[in-house]
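Heads up, the thing below is written out as structure tokens.
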Amino acid sequence: MKKHLIYTGMFLAAIGFSACNEDFKDWADPQSNPQEESAGQLTATFTAGKDASIVMDAATADSVEIAKLSSTTAEEGSKIAVNSLTLNENHTIPFSMTEDHVFKVALAQLDSVTQEAYKSRASVVRELKISINASAVTPSGEGIQLVGNEVSITLQPATTPAVDPDGYYIVGDFTGWDGNSAQQMKKDALDENLYILEAEIESTSNFKIFPASAINGNDIDWTKALGSSVDGDDSGDNFVSWTNAGAINTALDGKIKISFDAFNYRFTVKDNSAPTELYMTGSAYNWGTPAGDPNAWKALVPVNGTKGTFWGIFYFAANDQVKFAPQANWGNDFGFVDAISQESKDLAGLSDEGGNLKVGIAGWYLVYVSVIGDDKVIEFEKPNVYLMGDTSYNGWDAQLVEQDLFTVPGTADGEFVSPAFLKDGAVRICVNPKAVSAGDWWKTEFIIFDGQIAYRGNGGDQAAVQGKTGQKVYLNFGNGTGRIE
């Protein structure tokens, strides 16, 4: 059986002006009673309006016609009402409907919603999928929901300023408002359109972004300023404006990271503080009691030269719960975070247990954690440990290959065991979290000294430890010991 809606008297009264009202109204919250059974499903067919391909650089009208009701199976004489118009599933927009059922929207609002939907001001043709929530009231007064099709149109935002080949600078309270004090932003290594400035400031500050072409010695061409459409914008994440640009406010002090995306024309301001140490405690470690005890707070290893990132190999029993902290005590601690990949959740059965990170599947895991400001990432991966270098499967010609993997024990007190060395030479061992490139394996390497696992962490090259053909490495991550024999 199909469904229809029976509307209240208040909704019926509204229909008299909804079909022909030219004012821009936002009817995103229709009033209705619960649906009841109906003998048939009524439909509405919509088509794109005459303004189905909008280019903002060429547009001159204040409003545009984006859709039209072309037909309906509602009873003849029914009055049609539209309750909401939604773009790309999540964005409602004010609209008007003419007497011949043409839907009009303000062009400026449509442009703004398009940019918000794609989080971008880039002058790229964007598809907008329009869903129209429509109803019919029959001559007998019955209100029935209409099922309609989706309509697609396109909009291309206005052209943004060209990327300055010489980059961008920050000028503001914490630099000084002159050209000589401007601080250059660094181009991101992976995104040629992303520019970054890391700074440490004493108090919240206003700033603007300038292309290099705007700075000539101590002089600044203020007409080229980039900022926010709202002066003093402290949102931390918004679009960049190039006309009448207002100042952006950091809303933070201390270590901050300012980013400017010169393609999408967005900025971010983030807390850039990061711990130099990280510890894990939990149900298997007496929940951090006593403070400072290495058996209650398990230290993770820094990823060499990589701010705020750590790793460790740990055994978890089923349903163990853990938290992390930047010291071997409570304070600024965290457990389950949103930035855990589905792959990690599936591998280890990870879940949120009252804010704690719960591990549902017992076993050994390589745990990778990144903490920079409020941005926290936790990943659980297979505990792959590799033999590297002279003694490995094919020396330096084959790295991080299956033939160099250590075996993984099935118990918490078991040993990881390497393949037998194929020749004499310096022994090198590493893990390789997915966030660390294969070529940077040395950032997560370690060796054995005097029967103990010695992690490189943020240190330099470790002293060479020699191995002989046929020997193996034995590692006990549970108690931190190891041997070569």
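In case you wondered, yes, glycine gets a Cβ from its N, Cα and C as well.
Noted in Swiss-Prot for the protein shown:
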SIGNAL    1-19  signal peptide
LIPID     Cys20  S-diacylglycerol cysteine
LIPID     Cys20  N-palmitoyl cysteine
REGION    161-274  region 'Carbohydrate binding module (CBM) 1'
BINDING   Asp173, Asn206, Phe207, Lys208, Asp231  D-glucose binding site
REGION    275-383  region 'Carbohydrate binding module (CBM) 2'
REGION    384-485  region 'Carbohydrate binding module (CBM) 3'
#### Entry: binding-site residues listed as Asp173, Asp231, least Cβ neighbours within 10 Å
Asp231
### Task
Tally the residues of the region 'Carbohydrate binding module (CBM) 3' (384-485) by DSSP class, grouping H, G and I as helix, E and B as strand, and everything else as coil.
16 helix, 31 strand, 55 coil
#### Entry: DSSP-derived helix, strand and coil totals, residue by residue, for the region 'Carbohydrate binding module (CBM) 2' (275-383)
13 helix, 48 strand, 48 coil
#### Entry: Sparsest Cβ surroundings (other CB atoms within 10 Å) among the binding-site residues Asn206, Phe207, Lys208
Asn206
### Query
Inside 8 A of the center formed by the CB atoms of Asp173, Asn206, Phe207, Lys208, Asp231, which other residues of the chain have their CB, for the recorded D-glucose site?
Gly172, Ser205, Gly227, Gly232, Gly246, Ala247, Ile248, Asn249
### Task
Using only the Cα atoms of Asp173, Asn206, Phe207, Lys208, Asp231, which the record gives as binding D-glucose, return the largest interatomic distance in Å, rounded to a whole number.
14
### Message
Counting by DSSP secondary structure, give me helix, strand and coil numbers for the region 'Carbohydrate binding module (CBM) 1' (161-274).
### Response
9 helix, 53 strand, 52 coil
